[in-house]
Amino acid sequence: MKPTQFGGSSSKMTEPIEYVTLISDDSDGEPTPKRNVNHPPSALSAPNPGQKQKHPDEDSNDAPATSDERRTSRRNRPKVDYSNRPSGSGDTASNDKSGSASMGPNNQQAERRSQSQTRKSEANATSSSVSGPSAGNSRPSQNGDSKDRDAGTPTVLSGQEGAVFQSRLPFNKMTPNEEACFPDISRSGILGHRVFLNIRNSLLHMWVDNPKIQLSFEIALKNLPPPFDSEPSLVRRVHSFLERHGFINFGIFKRLKPIPAKKLGKVIVIGAGISGLAVAHQLQQFGMDVIVLEARDRVGGRISTFRKNSYIADVGAMVVTGVYGNPMTILSKQIGMDLVPIQQTCPLYGPDGKPVPKEKDDVIEREFNRLLESASYLSHRLDFNYAGDCPVSLGDALEWIISMQEMQVMHKRGQHMQEIIATQTKIIEQRRRLKTLRDTIGKLKNEHLAMINQRKPKGTDGDLKYCYQEFNIRNTQIKMEETISTFHDLHAEEKQMLAKLHELEQNRPSDVYLSSRDRLILDWHFANLEFANATRLNNLSLKHWDQDDDFEFIGHHTTVRNGYSCVPVALTENLDIRVNSAVKEIKYGTKGVEVVAENLKTSNSQMTYKADLVVCTLTLGVLKVAVAHKESQQSNTVKFDPPLPDWKQQAIKRLGFGNLNKVVLCFDRIFWDPNANLFGHVGSTTASRGEMFLFWSISSSPVLLALVAGMAANLVESVTDDIIIGRCMSVLKNIFGNTSVPQPKETVVTRWRSDPWARGSYSYVSVGSSGSDYDLLAAPVIPPSSKDAEGLPRLFFAGEHTIRNYPATVHGAYLSGLREAGRIADYYLGYPEGTPPDIGYSVAEAANLVSVGNVVKLRDLSPNLSDSSPSSKKSEENSNSNTADSTELQ
């Protein structure tokens with residue numbers, strides 16, 4: 001999650017990188033959106049189909065290897081409007097309030113490498129939107145404004161198409177999960193598909209248009225246009241399917257039908273973070289008895305908001321990373337989240353506190369993106385992912401590329417010096433020849449003059465001697481003239497050589513690839529990328545670190561003015577949540593589960609809870625402690641009985657869990673530019689590059705939030721608050737002056753790694769891991785005592801570390817909760833309402849295909865975003881029988 005990706009520099013490098021010649025410089029440019037005349041006016045503009053694609057890896061979601069969003073291929077993405085607005089109303093939509101369904105478009109550029117990105121900013125403890133990919137990727141432009149950002153953005157989607165896009169589903173074809181749950185429709189041919197898709201898309205449109213009120217079957221049937229309302233049984237099935245899997249009727253809304261009084265099963269949810277609250281809320285709506293156990297004295301987990309007097313600051317998750325397709329957009333309409341788009345200007349200040357010149361910043365940012373492109377090229381094109389038997393990290397690859405560039409610069413310097421020496425040698429030799437010719441000319445001139453002076457008149461010594469005398473005079477004159485001509489030619493050549501030597505001396509190559517100052521600015525971008533991934537670059541998998549980039553949401557990245565904690569607080573409505581209850585042991589078997597929890601307010605007071613199943617939303621950091629096989633008295637050590645299967649434990653160990661910390665500074669007045677949400681500070685050393693490298697100002701109140709990433713994020717956990725605050729103040733005074741910066745009134749320093757209930761910030765794909773580990777972490781566990789290998793799972797998992805396509809984000813954690821609620825309902829409640837008994841599909845098989853939020857890549861969400869690469873065309877041909885023409889679905 002990756003950071004937000006912003007526009008890259010358009011500056012030209014004075015000298016291209018030799019080994020990157022296969023990567024076009026055009027990767028920094030935006031492709032011009034193209035209209036598809038075969039589709040209705042509301043259709044999306046498609047990205048340039050000529051962009052290169054990287055071949056997908058068999059066990060990963062590797063995105064196309066364009067130059068990369070973080071990675072730096074920038075892709076135009078569509079804007080979405082969910083109202084029945086004419087396609088020409090894009091300008092109006094862009095002026096809507098950020099909290100509405102049709103938020104202003106942002107020309108987000110998902111860079112596959114810059115990670116920066118973009119990127120994982122959120123599910124966890126601290127994230128934001130700079131870098132990046134990603135996305136990764138690059139930092140906000142210093143001179144960007146909203147008009148420039150929106151220029152050239154694709155057309156807004158409206159109506160059904162916009163609602164389906166918001167639901168992360170393809171508009172004109174069934175998903176694998178839908179085909180599994182509707183096998184009769186899947187086999188019925190194109191007409192049956194059209195009927196299904198029209199019903200499904202209409203229901204999604206009804207829900208997205210008004211998510212504050214329950215969309216009941218009766219209302220849905222009443223509002224369906226004919227002839228689709230003529231099959232109430234199919235409408236009921238589609239409605240039940242969408243409701244079960246979290247596409248409609250999720251979040252906080254007014255129920256028109258009461259929750260079933262008879263409870264259909266008992267569930268224990270461990271953790272009241274966003275994923276735990278999502279699954280608990282859904283299962284309660286489904287009629288199950290749910291208890292939530294939370295070790296903290298509050299809900300929200302890594303969503304935590306500091307509130308004191310008029311000061312508000314999110315010390316955990318902070319940014320809504322893209323509004324189109326994001327379930328947080330629906331929640332914002334339900335609970336009054338005050339979403340504020342992030343301004344993209346981000347001035348950068350050097351170690352001396354002086355602004356970094358824009359030209360220099362542009363050049364270094366461009367080089368940063370090219371380095372990421374080169375790393376992607378090494379991994380995905382050259383398959384250079386191992387050094388011997390050891391997997392290569394992104395950090396290693398980047399440093400190797402920099403070293404190769406340094407060697408290339410040294411080689412060029414050597415070549416240049418050799419050329420100078422060769423030219424100087426030629427000039428010396430030329431001057432020797434000129435001196436010889438000059439002497440020869442003088443000698444011939446003297447001989448010629450002597451002959452003239454000694455010349456005898458004709459007839460004095462006879463005709464023969466006279467002729468001989470004249471011959472010698474003329475011959476000497478000819479030799480002298482020829483020698484003078486040769487001298488002039490050589491002198492002209494000497495002038496050319498001198499001009500060439502002067503040019504060589506005036507155009508000496510750089511002494512180094514990066515000067516010490518340039519390297520520090522590059523390190524700022526690396527720190528930004530480390531912030532996006534919550535870890536040092538040396539810990540990231542070279543091949544898979546950005547495996548989720550193709551699924552990033554588009555649109556503005558926003559902050560929540562009234563604090564992100566308003567979301568988990570709202571989701572606690574009518575839930576039975578036991579705070580201060582630290583789970584110590586989870587026992588699961590074929591007959592049910594038992595969870596032993598300790599009440600932290602009354603020491604040594606333990607309670608045992610029994611249920612049919614348990615949903616574990618413990619963070620990956622806490623799970624790592626649980627499977628470490630070390631006896632520990634830590635308060636957050638959880639024991640699984642029986643132990644988790646080896647495949648689950650190995651995935652927990654392989655996947656990385658990073659750290660990112662924040663420093664909140666509350667002042668009595670604003671002394672920085674109130675129009676800028678961000679400003680960066682370049683560290684004085686590579687080792688300290690992540691130390692207070694970025695400052696956020698996300699509200700109208702005088703509050704600054706400093707980010708501490710990479711190596712520095714772990715170091716600050718062992719340092720006192722006074723030292724950290726002092727360092728922050730030193731940086732600010734260096735930038736704004738001693739007299740301009742007052743002492744803070746309130747301060748907060750986070751230490752997420754030391755937090756016993758978090759053990760870090762959010763997940764990342766570490767060296768030796770891949771996207772498939774997210775799938776393994778998401779898989780439910782069947783008790784080993786079960787005689788049936790396909791027995792009933794009793795242990796389920798949710799959280800940002802369990803969702804492959806949206807890891808390290810709040811929306812990913814929330815979607816994982818919806819996913820598990822649907823999976824549990826399939827296993828324990830049976831077929832959705834209205835499903836015929838002879839439908840011919842296994843409910844367990846359907847449960848295994850549950851994929852809320854894991855449906856398709858962004859480019860597959862609309863017929864106008866289809867990929868024209870050969871591989872995608874082949875895939876399209878193979879699925880033709882399951883695809884309905886979008887023009888016929890209107």
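Residue 1 is the first one shown; counting continues down the chain.
Glycine residues also receive a Cβ, built from the backbone N, Cα and C atoms like all the rest.
Considering S24, S240, S515, S772, the record held by Swiss-Prot lists S24, annotated as phosphoserine.
Per Swiss-Prot, the residue from the list S27, S60, S102, S121 bearing the note phosphoserine is S27. When S83, S603, S866 are compared with the annotations in Swiss-Prot, the one labelled phosphoserine turns out to be S866.
Neighbour counts of Cβ atoms within 10 Å were taken for the binding-site residues G271, G287; the minimum is at G287. Here the binding-site residues are V267, V279, I291, and the one whose Cβ sees the fewest other Cβ atoms within 10 Å is I291. Per DSSP, the secondary structure of the domain 'SWIRM' (160-259) breaks down as 60 helix, 3 strand, 37 coil. Taken residue by residue with DSSP, A295 (FAD binding site) is part of neither helix nor strand, so it is coil. In the three-state DSSP scheme, L283 (FAD binding site) is classed as helix. Counting every protein chain shown, the Cβ of S275 (FAD binding site) has 33 other Cβ atoms within 10 Å. Taken residue by residue with DSSP, S275 (FAD binding site) is part of a helix.
Look at the Cβ of each of the binding-site residues L283, A295 and count the other Cβ atoms within 10 Å; the largest number goes with L283.
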